[in-house]
Every structure is written in structure tokens, then in C-alpha cells.
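To start, the structure itself, in C-alpha cells.
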Amino acid sequence: MAIASASPAGAPAHRTLLVRPPSSALADGELTHLERVPVDADLAVQQWNRYVDVFRGLGWDVRELPAADSHPDGVFVEDTVVIFDGLAVLTRPGALSRRGEVESMRPAAEATGREVVEITSPGTLEGGDILKVGRTVYVGRTARTNAEGAAQLRSLLEPRGWRVVEVPVTRALHLKSAVTALPDGTVIGYEPTVDDVTRFDAFLPVPEAEGTAVVVLDETTVLLSDAAPATAELLRGRGLTVLTTPVTEFEKLEGCVTCLSVRVR
Ligand code: CIR
């Protein structure tokens, strides 16, 4: 029997993907570093379905949050909750237009069986600023995640055995717009958008801006935007299986493959 991944005991690992369908107002989403360009709403839905199908095809349980048409950026669910072992942290987005997205994430957060906590005022924090590498949590300090939000996260995580490292991010929307991590913990990023590569224990530059974001699917497989073919080749050269999917309509809104879902495993 083919099993996509297995727990240490040999049983199939339980993996849930939290997603929300794109809003019909996606084109009106927040923009920070990019110019606004036309967005094809139908193509966005097609790309979103294809993205979700990648996970379904690998055996993930997909949990769809209710559509939130009044929230143009609601599809970028990663920003509303951050999952740790035993803990689900509901965020408080720095973008006012996005605050209303969080409450509808609460039932899904509770369904993970984890303790649900939240970032509170005056703290702000968005999930795109949180990068986990082993037991280290990098927290991007951005226009969306302030010092108080980072401090609240630190006080939640350090007693639970996580190392929390704050990193400056001024050249990209979120930390994970600039860097993500491979299964072996190597941090990858497109150097022009990374403030300080020396903050990471191991850093590998990638040749394309769209190549910075990977979703780790298992120890040898990652998901990448199909707009980064040279990065795909680079990662294949390191022995990884690289699946690609088109996310152009979300990239136009400064989104990427990571922010379209929350992975619970
Ligand atoms: C925003 O500016 O909030 C959205 N247009 C894009 C959010 C992308 N989220 C992410 O990378 N985690």
C-alpha cells in the first residue's frame, strides 16, 4: 500500500490543510511592494483548485473555511493562525482590512485539538512573518508584525522550548515573502529581498523572486510556484522532488504558495 508519509509508529500521518476559497474581490487586496495589475478572478479560482488538489492527491484532509467575499485577502489564510505542537495562535493582522478574517479561523483552530491563544492589542502579528526551522521560530519584524506582537509570541513559545529569533524585514511584505526553509532546515531566499542572510544558520540563495516560497510536503518533497523554473532545477539538484503549481493571480497580490494554506500535522 502506498502511503504518502507515515508517523514514527508506521501509521499514516494525519495532515490537514486549512484553506479558504478566493474572494471575488481578490483584485482589491492589499499591496505594499507591487503595483496593482488586473487580476483574473476565474483564473484565480482555477489556480486555487489546482493548488488544493496537489494536497488532496497526496492524501491530505482539506478543510475549507467559509468564503469571505468581503475580505479581498481572505484566501491568504496563513496570516490568521500559526500552528505549533500543542498550540494554535490566532493572529492580529497589522493590516486593518484583514483583522476581520481571524475570527472565522477560530473553529478550525479549535478543531486541531490544540490550545488556542491569541495575539492581543497593541500587538500585531501575521502568519506570513513566522518561519519555523526545527525548534527555532524566526519572526519577521515588518509593517504587519510589531515589537509587541513578536514579544507576545516569544512569551508563549520560549516556555514551550522554542528558540525565538526576530529578524528585520524591510524589502518584502512578510518574512516568508523573502525566505522559507527546505526540509533539511536550509533557509532559501531571493537575496535582493532579504535584509540580512547572516541571521540564518544555513542560507541558500535562489535565482528567482517567486522561488523563495516552498511548502514542505514531506522530508524529500516541496511545492513551489511554477514561475520559478530555475529554482526548481536548483532544488532538484539537491535531491528534492519539486512539485510546481501556477499561482500567478495570487503573486499579483504579493501572495505565494505558503500563504494560501495552513498546514496542520
Ligand atoms: C496582503 O498584503 O496582506 C495580501 N495582499 C497578501 C498576503 C500574503 N500573505 C503571505 O505571504 N503570508
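Just so it is clear, glycine is given a Cβ too, placed from its N, Cα and C backbone atoms.
Feature annotation from TrEMBL assigns substrate binding site to Leu31, Asp73, Glu78, Asp79, Arg98, Arg144, Leu253. The active site, proton donor feature in TrEMBL is assigned to His174. The annotation active site, nucleophile is assigned in TrEMBL to Cys259.
Here the CA atom of Asp79 (substrate binding site) lies 7 Å from the CA atom of the residue listed as 'active site, nucleophile'.
Ligand 1 lies under 6 Å from the Cβ of the following recorded positions, listed in sequence order from Arg144, His174, Leu253: His174, Leu253. Taken over all pairs of the listed substrate-binding residues (Leu31, Asp73, Glu78, Asp79, Arg98, Arg144, Leu253), the Cα spread reaches a maximum of 17 Å, rounded to the nearest whole number. Listed in sequence order, Gly127, Gly128, Lys176, Thr258, Cys259, Leu260, Ser261, Val262 are the same-chain residues at least 6 apart in sequence whose CB falls under 8 Å from the CB of Glu78 (substrate binding site). Around Arg144 (substrate binding site), the same-chain residues six or more apart in sequence whose CB sits under 8 Å from its CB are Asp79, Pro93, Gly94, Ala95, Thr124, Leu125, Glu126, Gly128, Asp129, Leu173, His174, listed in sequence order.
Among the listed binding-site residues, namely Asp73, Asp79, the Cβ with the most fellow Cβ atoms inside 10 Å is that of Asp79. Long-range Cβ contacts of Arg98 (substrate binding site) within its own chain (separation 6+, distance under 8 Å): Glu30, His71, Asp73, Asp79, Thr80, Glu126. Around the Cβ of the residue listed as 'active site, proton donor', 29 further Cβ atoms fall within 10 Å across all displayed protein chains. Leu253 (substrate binding site) falls outside any helix or strand according to DSSP and counts as coil. In this structure, of the recorded positions Leu31, Leu253, Cys259, the smallest number of CB atoms within 10 A of the CB marks Leu31.
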